[in-house]
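Asker: Got a structure for you, written out below as structure tokens; questions coming shortly.
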Amino acid sequence: MARQVFDDKLLAVISGNSIGVLATIKHDGRPQLSNVQYHFDPRKLLIQVSIAEPRAKTRNLRRDPRASILVDADDGWSYAVAEGTAQLTPPAAAPDDDTVEALIALYRNIAGEHSDWDDYRQAMVTDRRVLLTLPISHVYGLPPGMR
């Protein structure tokens, strides 16, 4: 598959932050918006987010995997939106399963090392955490300096 070419200024907005607004599609077609913390991998052009199985955004994505993430720049006016088709892991079911391992990698990418990985692993299972991976298929927005 050929690598997509996106505006570097818009990718810089996504890369320069770790908090955005995830938009999913409700059963009636209206958007459902959630503030999320994310990790952007610029080499693979994908965004990853930890979400929980019983939540609306997860149900929405299992029904319709189309999603967008809005990221604001520091100036308050500039922004980038990344769109794609979400891929979801199964919910974490055991402290040593593949989903928990993927969530640990995400945590490390966002925050570094955790003070108690055993506690973290159990929390991922208790919360029924899921890894959302959003390969970016389209980016649009208003880069800094364009207003």
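Every residue number used here counts from 1 along the chain in the order it is shown.
Glycine is treated like the rest: Cβ placed from N, Cα and C.
Feature list, courtesy of Swiss-Prot:
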type	residues	note
BINDING	GLN32, GLN37, SER50, ALA56, LYS57, THR58, ARG59, ASN60, TRP77, SER78, TYR79, HIS138	coenzyme F420-(gamma-Glu)n binding site
Asker: If you pair up every Cα among GLN32, GLN37, SER50, ALA56, LYS57, THR58, ARG59, ASN60, TRP77, SER78, TYR79, HIS138, the residues annotated as binding coenzyme F420-(gamma-Glu)n, what's the maximum separation in angstrom, rounded to an integer?
Answerer: 31
Asker: Find, for the listed binding-site residues TRP77, TYR79, the residue with the lowest Cβ contact count at a 10 Å cut-off, counting only other Cβ atoms.
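Answerer: Candidates: the binding-site residues TRP77, TYR79. Fewest Cβ atoms within 10 Å: TRP77.
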Asker: Looking only at DSSP and grouping its letters into three states, which state does TRP77 (coenzyme F420-(gamma-Glu)n binding site) belong to?
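Answerer: Coil, per DSSP.
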Asker: Pick out which of the binding-site residues LYS57, ARG59 has the most other Cβ atoms within 10 Å of its own Cβ.
Answerer: LYS57
Asker: GLN32, SER50: which of these binding-site residues has the highest Cβ count within 10 Å of its own Cβ?
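Answerer: That would be SER50, with the most Cβ atoms nearby.
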